[in-house]
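Pulled from Swiss-Prot:
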COILED    43-163  coiled coil
COMPBIAS  1-12  compositional bias 'Basic and acidic residues'
DOMAIN    200-262  domain 't-SNARE coiled-coil homology'
MOD_RES   S14  phosphoserine
MOD_RES   S15  phosphoserine
MOD_RES   T31  phosphothreonine
MOD_RES   S36  phosphoserine
MOD_RES   S117  phosphoserine
MOD_RES   S208  phosphoserine
MOD_RES   S248  phosphoserine
SITE      I290  site 'Required for neurite tip localization'
TOPO_DOM  1-275  topological domain 'Cytoplasmic'
TRANSMEM  276-296  transmembrane segment
Amino acid sequence: MRDRTHELRQGDDSSDDEDKERVALVVHPGTARLGSPDDEFFQKVRTIRQTIVKLENKVRELEKQQVTILATPLPEESMKQDLQNLRDEIKQLGRDIRAQLKAIEPQKEEADENYNSVNTRMRKTQHGVLSQQFVELINKCNLMQSEYREKNVERIRRQLKITNAGMVSDKELEQMLDSGQSEVFVSNILKDTQVTRQALNEISARHSEIQQLERSIRELHEIFTFLATEVEMQGEMINRIEKNILSSADYVERGQEHVKVALENQKKARKKKVFIAICLSITVLILVVIIVISTLV
């Protein structure tokens, strides 16, 4: 059993620890000066934040390129290659962030041993918040790509209707899309239909794009699945983190008000002391004058 007499002797300091924790929660990376281990930790946090910003910019760029390709009936190979390169960059950034988050994740043994440590809880808070941001961003990217897939399928469906191939049902269309082979997909469309070469080329291009997109979605999903599960399990902790941060900001604000009031009170107290000192001096002076006059008389 652990010797906790030292903790009992410092029972009065528990509220001070809580106050320190509140302050630690709102410390911005780079502003703390707590020693080498913490400097190294905050440097890693800064790196993760920067990588998340890069990922966010790439996702935004991906969205723009997808809109451009959707608006182009027959996108050039260079456009499709640029889009695929962007997807590859996003996947690599996702892997980098996952590894970086793993590097700052508090070890279970360390967390259990130092559960009441302000430093440990601060590290868990930072890791939880960054993980949540990463998962939300990847979810957004996956949702965006899923919507892009549906729009490509809709373009194929529209082309089939225009070329009198509208007898292909949605179920049959999905089965052809799932075939994974553009040749099989195109040959199925050609059966008993009159499809123009331009329409056929667009349908084939859309199908190829859908195949690449589905591979990208699967790979991206695999990158963050473990982290999404962890964040989901820590959902309650994330909510507590948000609550702690908000209460910390309120605590700091109230602390500033208290300091302001204390300074005002201190100023008033000084004025009172000066006033009392002047009154006493005048009283003593009057007494001295009275005594001197009495002596002369």
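In case you wondered, yes, glycine gets a Cβ from its N, Cα and C as well.
Here the Cβ of S208 (phosphoserine) has 14 other Cβ atoms within 10 Å, regardless of which shown protein chain they belong to. Under the DSSP three-state reduction, S117 (phosphoserine) is assigned to coil, being neither helix nor strand. Mean model confidence for the topological domain 'Cytoplasmic' (1-275) is a pLDDT of 71. Taken residue by residue with DSSP, I290 (site 'Required for neurite tip localization') is part of a helix.
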